[in-house]
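The following features are taken from Swiss-Prot:
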{"type": "DOMAIN", "residues": "6-244", "note": "domain 'ABC transporter'"}
{"type": "BINDING", "residues": "G42, A43, S44, G45, S46, G47, K48, S49", "note": "ATP binding site"}
{"type": "TRANSMEM", "residues": "250-270", "note": "transmembrane segment"}
{"type": "TRANSMEM", "residues": "276-296", "note": "transmembrane segment"}
{"type": "TRANSMEM", "residues": "524-544", "note": "transmembrane segment"}
{"type": "TRANSMEM", "residues": "585-605", "note": "transmembrane segment"}
{"type": "TRANSMEM", "residues": "614-634", "note": "transmembrane segment"}
Amino acid sequence: MSEPLLQLTGISRSFTAGDREFLALKNIDLTIHAGEMVAIIGASGSGKSTLMNILGCLDYATAGSYRINGRETRDLDNQALAELRRDYFGFIFQRYHLLPHLSAVHNVEMPAIYAGTPEPQRHARARELLARLGLEGHLTHRPSQLSGGQQQRVSIARALMNGGEVILADEPTGALDTTSGKEVMRILLELHAAGHTVILVTHDPKVAANAERIIEVSDGEILSDRRNERDTAALSNEDAVPKSTAARRLVASLGLFKEAFNMAWVALISHRMRTLLTMLGIVIGITSVVSISAIGEGAKRYVLKDIQAIGSNTIDIYSGTSFGDSRSAAIETLVPADVTALNQLYYVDSATPVVGRNLLLRYRNIDLDAQVNGVSDLYFQVRGIKMESGIPFSESDARRQAQVVVIDHNTRHRLFGEGVDPLGQVILIGNLPCTVIGVAAENKNIFSSSKSLNVWVPYETAAGRLLGQRYLDSISVRIKDGQPSKVVEDNVNKLMLQRHGTKDFFTNNLDSVMQTVQKTSRSLALLLSLIAVISLVVGGIGVMNIMLVSVTERTREIGIRMAVGARQSDIRQQFLVEAVMVCLLGGAIGISLSYAIGHLFSLFIKEWEMVFSLTSVLTAVICSTLIGIVFGFVPARNASRLDPIEALARD
């Protein structure tokens, strides 16, 4: 005789309840050959369901040996047992155990997904099986739209999806009326005749009478194992499908990933309000991260733009030791010769002397106090000052102490008002008449007063005709592009120290101010981002809580999936994907909301704008994904660790 398909030797199964242990199965010896139709009959509590669970690899024996087609199952892990369930067994349950949110076709397809059958083939096979069972007109119906008999036929089709070499039917007619029950038994007899091994688990002798072999179980022991003569003709198993291969397992992993996304989407849209509330924390966190990053970048660019407007690559040299030095007014060592020496340095683009004083300006009957600055023709280049109209004075103007002046926008407005062209007009600076040859463009930045009045005259004119001062208040040096600011500053200090013989001056490097602004901006952005991260963590905890609830609500679904061949890794992947999808949707909404805030921001604040970067968006997406993985792991792990028998028993 051929080797048994299923062989149990000395199988025992014990359970612990508190301090007590009781045996559900006691030293069971049983062999079942391929193509047999066996009925396991017994009263409630006899151990027949426990025996069926062990046969179907849903449970494990406490002691003894169980071989499937010669393969010992005692030391197999959960993944190997799941593969055996998938490749050998098809389950038909008393309560059908169909997933309520899936159509008949998709319920039938489920085992083939875990077996790695490509979507077109499994879809065609599911339709074929349902058509053979008389359900060709109900392919897209959900379980709630089917009668009990129709649901059981869907369950039978699902059991046959992967070939169903062994059909395990647990009270297949228990929840059906007489007519539907007879129809189900007819189908099972046809399957047996087609070569399937059919194992019926029932308490009804009439159902058991359809089998060719009846095994009676009581108190965990086999009381009898007798033949029941019937006219049967075993045929080849026409429903057999190829067993899993490495290539099919790769296809399976891809199919499972897609299925996980599909199931996640169905779960999300089935509980819209709960999903929205779950995502709320993620939305707030991502909106905060992206918006804060955009605001910080916009503020930084605004400040740096203002610094660059006054010359970010400039170094100013002053008398004294530092700002506020009371002795600086008495130090008169900065002289035009220093400017000439600085202009000789190869890394200096230009250097200009600066002297200044508040003097009275007069035009007709208008008198104003303004800051009068004596500078060289290079000053406007050093400071990056543009002309609104006219031209700056030239080197020849400086040499001949020309009585010319450049005024700023505010001075033009205060002296001449609207409708008067200031170019060519003569104003008094102190007692010196000067001709206006240029108007500097308005320079709005955080470092200049919007109300200050400034005029510029050639240094030689200021020193010789206005102030009578030969020493300088300061020197402004513009660094050539590409030269390191700190190195240039050190060399300027060395030159000045060499010329003066003592440190009677100090420098102010605006590049260091820019670096300080950037550092402060980064620190502030980091602080605000940490606050945003806290909201993300809170949102992640919310995701974990809801996912834990979801696992509890879908316990029976998890049990069904395990019964049809899902491995622990498949279940874990499905719930992880669901958590990640929730977080990614929340992240997408958060990013969109940030851009909407940026648009509103630009409508109300004209001076500067929020600057969104690809980096901040990618960071938001990565954060969403990581939160989904980190906070979805515990619920996913809990789902994968569920016992399939306990899960199937949940309502």
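Using the three backbone atoms N, Cα and C, a Cβ is placed for every residue, glycine included.
Since the structure is predicted, the reported quantities are computational estimates derived from the model, not experimental observations.
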Neighbouring C-beta atoms (10 Å sphere around the C-beta of K48 (ATP binding site)): 25
Non-local residues, at least 6 beyond the ends, that sit with Cβ under 8 Å of the transmembrane segment (524-544): 277-286, 288-289, 292-293, 296, 579, 582-583, 586, 623, 627-628, 630-632, 634-635
Close in space, distant in sequence - G45 (ATP binding site), Cβ under 8 Å, 6 or more apart: none
Near-site residues: ATP, ref G42, A43, S44, G45, S46, G47, K48, S49, CB cutoff 8 A to centroid: H203, V217, S218
Cβ contacts under 8 Å made by the transmembrane segment (276-296) with residues that lie 6+ beyond its boundaries: 521, 524-525, 528-529, 531-533, 535-543, 546, 582-583, 585-587, 589-591, 593-594, 597-598, 601, 610-613, 616-617, 619-620, 623-624, 627
PLDDT averaged over the residues of the domain 'ABC transporter' (6-244): 87
Chain residues outside the transmembrane segment (585-605) and at least six past its termini with a C-beta under 8 angstroms from it: 268, 275, 278-287, 289-291, 294-295, 539, 612, 617, 620-621, 623-624
Nonlocal neighbours by CB distance (under 8 Å) for S49 (ATP binding site), same chain, sequence gap 6 or more: D170, V201
Which of S44, S46, all binding-site residues, has a Cβ with the fewest other Cβ atoms inside 10 Å: S44
Neighbour tally for G47 (ATP binding site), based on other Cβ positions within 10 Å of its Cβ: 23
